[in-house]
Ligand SMILES: Nc1nc2c(ncn2[C@@H]2O[C@H](COP(=O)(O)OP(=O)(O)OP(=O)(O)O)[C@@H](O)[C@H]2O)c(=O)[nH]1
């Protein structure tokens, strides 16, 4: 039996990272009895280990909560989880498009932050009703009244009904459930007699069931035995199972208007499902498809190579597996003169890159070398064509290039006033153009336009260190702009190392070249000969360092017959070698490829 529309509430939780979204979600699940206490692992929504360890949420999930309100009525509350990090802003936007309301969680000791703003504006853009939740009122530093005013002043939301809670102790959380029922609207439309119309919200691969597709039903019903059609791709599938997450998977007979749930059918790959696509019944299709979404585009690319060339096939299998569950991660084979066979991989951002790299190393036990992350450049060629460049090594001959365009972002940074000077300098050094500066209480809110290429390396780390962790940051891509960009090559022992080449702005080339050479000098161990390290643009050397030659044998110290000691030292040396790659005659440690890019400006 399906639930009447006016007894359904579909909502998400939007918040700045660490303001307590997952803790609140856990509490709501617990209070509505969706999980037995003993099954209640901390943060059940963040199912993957890495997510739990890092305390971030990657995959948007949804949970059905059954709630008997104080008025005695039974409601179905669907909580749609959204990730909080900027790299996954796209997933946030599509989850929001599938529901009618949001809980805006703000840490009452911290106040409004950059991602609070970015996420709540997206909810407002999706016509959401919003319940303001001020969390962490148990903390001595909490100032709920001040933060309530701040929310009204900065975001322009009415916060007079704000719910004051501690997700940690549980204080006030029952009021959140009442607020969901009384302040958020039921689904706006939904005709059970109409042809099936459902939105494809998400999909992922499950080892037992194959591809699981999360849907939001708009009209009609979805049930086992139906042949459904994906209107965007035209593909047809037989529905084998329908169900909901509580958060454990539970089969149901059918899904009706306004409801969230999943279905399975013999869908082979996640790539066969397009998020935002409209699903209808093949026999009786709906007349009009939903507007749909643009697919998430990778914005950062890097090469991933096995340290040991013999691991290439394992790497191929591993990236294939990861891709099954993450359509926003892309890869294609790449060969590098320096690193051999590997893959050029595309990511939504740097965090996404780090997560994938970590999963490959940890879950698949691979030792990897990641090359310099690069953004996607547009090359306008003299012959009138335009080429997208994902890899600096593929840069066309300069004489063929008319102009190069690079992606720009608009960044919002909130920071205590004390650190403003340092942050302005950082943005200026990264070719930023200031668009606005205003104040949110005692904090400065900075808006900057920046080239993405200057942000992908270590902008976020630098921002955090300059502001001692107090500044918050969010960005979105805006447009492509022409830039005076050149390809800088790095030569080690006179051999170009293609994996270290990068595009840089001409004005920054020398500084960056020098910094790279200095860093590499520290990272490359001494050999028995002198190793020159050079940075070059075309044939012109712009920076140079030398690793001096090593004279002594490490074992020379162990005179006499202490064989074990000698063996230990040699083993240690071997251990150190494991994560090195040989280039010509030179061993370069794995970490050099990422470390060399971190500039201490
Ligand atoms: N004192 C106190 N701490 C809280 C409260 N709610 C959450 N926390 C803590 O704040 C930290 C962040 O909470 P999370 O629920 O992981 O935050 P989140 O917003 O889900 O973070 P992401 O999933 O990374 O976006 C955790 O260490 C929580 O234990 C609260 O009411 N009081």
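Any Cβ shown, glycine's included, is placed from N, Cα and C.
Listed in TrEMBL:
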- 6-188: domain 'Tr-type G' (DOMAIN)
- 18, 19, 20, 21, 22, 23, 135, 136, 137, 138: GTP binding site (BINDING)
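Secondary structure at residue 18 (GTP binding site), taken from DSSP and collapsed to helix, strand or coil, is coil. Residues 18, 19, 20, 21, 22, 23, 135, 136, 137, 138 are recorded as binding GTP; their most distant pair of Cα atoms lies 17 Å apart.
Long-range Cβ contacts of residue 20 (GTP binding site) within its own chain (separation 6+, distance under 8 Å): 105, 107, 135, 136, 167, 168. Taken together, the residues of the domain 'Tr-type G' (6-188) have an average pLDDT of 84. Cβ crowding, taken as the number of other Cβ atoms within 10 Å, peaks at 135 among the binding-site residues 135, 137.
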